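Noted in TrEMBL for the protein shown:
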ACT_SITE  137  active site, proton acceptor
BINDING   95, 145, 300  substrate binding site
COMPBIAS  397-412  compositional bias 'Basic and acidic residues'
COMPBIAS  422-431  compositional bias 'Basic and acidic residues'
DOMAIN    24-314  domain 'Histone deacetylase'
């Protein structure tokens with residue numbers, strides 16, 4: 001048993017201040033709310049807190065096509081009317097609108113996941129957390145499902161520099177299609193996604209029969225679920241599948257996407273998980289004592305997202321949290337009860353025992369096709385991406401030390417931010 005884990009936590013308040021537009025369900029402000037709760041429970045004292053670097057375009061192009069990254073960098077709400085063809089080509093439509101500071105938003109959340117992977121690679125921490133990450137739908141050449149840059153793929157690519165095998169686990173209510181697609185033909189990444197499937201539910205992929213191809217055959221695992229799955233059914237299935245996967249695949253690192261839209265009562269979700277049930281999955285994965293990168297993901301009832309990711313931060317630092325929420329910057333959002341626990345919905349669980357048993361049996365049969373953990377010839381490790389160094393003499397002295405440079409490493413005891421205002425405060429009731 002290793003000594004007490006070192007936890008690295010990445011946060012930049014700027015990600016919470018962007019606005020996708022009126023009536024859009026994605027509210028990045030949920031990240032400010034989460035961070036405020038983390039602070040109010042004193043969890044920051046048990047972690048190293050970092051402000052992530054803004055990922056350079058060439059870093060994003062380690063997975064995404066250079067032309068797509070360049071377009072994201074160039075487009076603004078004021079110029080988008082000039083680029084109808086490109087907007088269509090890159091799927092920048094209703095679900096993925098162009099908004100103010102969109103590219104910087106992508107740079108920050110992707111930078112957090114890349115930084116998290118690098119700290120794990122260098123043994124500087126055992127667990128790395130980036131709640132702003134987990135945008136699992138983005139594809140190589142296009143945006144999808146509120147996701148523009150796939151930080152998870154970029155983080156996994158970093159981990160593959162040091163680890164022969166990486167396990168990706170996704171408990172978002174939506175299928176982790178972008179990550180699965182990126183690694184569908186390789187055995188160096190096993191993807192396991194637990195999600196709602198059927199009834200034209202987005203993104204429409206993730207059937208049980210989708211198992212990977214070529215070298216990746218049997219290394220994509222999909223667990224298609226129906227509406228209303230509850231804690232008991234979900235966690236039992238999760239633990240039995242993940243324990244067998246870890247036993248057979250022997251990953252060197254695990255990436256866990258903790259989309260909170262699988263919680264009961266989510267605006268876009270249809271599952272019936274409590275925060276305790278959702279967090280139990282995190283607790284279970286942590287017990288393997290394998291280097292772990294944890295991200296956020298979906299989640300559209302933002303006060304419940306903040307509750308969930310705060311509880312899971314507590315799980316990762318081995319700190320139980322009292323149910324009464326301490327006073328914090330966003331206390332009014334947790335009225336009238338001001339508690340962490342949320343009630344389950346009254347929706348019916350359409351996942352019968354026989355249906356879940358059938359899924360488990362088929363997945364276990366396919367796992368038997370993995371004779372042993374795949375080996376890989378590890379050559380000289382490529383360096384971490386070289387960040388261009390700036391020449392201070394050429395900089396404008398008024399601009400020389402910006403906030404991001406100054407806060408490259410933020411000390412944990414003064415991790416408070418100004419300006420995390422809710423720019424969407426009056427839109428919670430939007431349909």
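Each residue, glycine too, has its Cβ placed from N, Cα and C.
Nobody curates TrEMBL annotations by hand; they come from automatic prediction.
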Remark   = residue 300 (substrate binding site) and residue 137 (active site, proton acceptor), compared by Cα position, are separated in whole Å by 16
Query = If you measure every Cα to Cα pair among 95, 145, 300, the residues listed for substrate, what is the largest value in Å?
reply = 14
Task = Within the same chain, and leaving aside 95, 145, 300, name every residue whose CB is within 8 angstroms of the centroid of the CB atoms belonging to the recorded substrate site, in sequence order.
result = 25, 26, 137, 146, 147, 202, 268, 298
Ask   = So for residue 300 (substrate binding site), how many other CB atoms are inside 10 Å of its CB?
value = 20
Query = How many other Cβ atoms sit within 10 Å of the Cβ of residue 95 (substrate binding site)?
reply = 17
Inquiry  = Let's check the environment of residue 137 (active site, proton acceptor): how many other CB atoms sit within 10 Å of its CB?
reply    = 28
Ask   = From the Cα of the residue listed as 'active site, proton acceptor' across to the Cα of residue 145 (substrate binding site), what is the distance in angstrom?
value = 6
Request  = Can you grab the distance from residue 137 (active site, proton acceptor) over to residue 95 (substrate binding site)? Cα atoms, rounded to a whole Å.
outcome  = 12
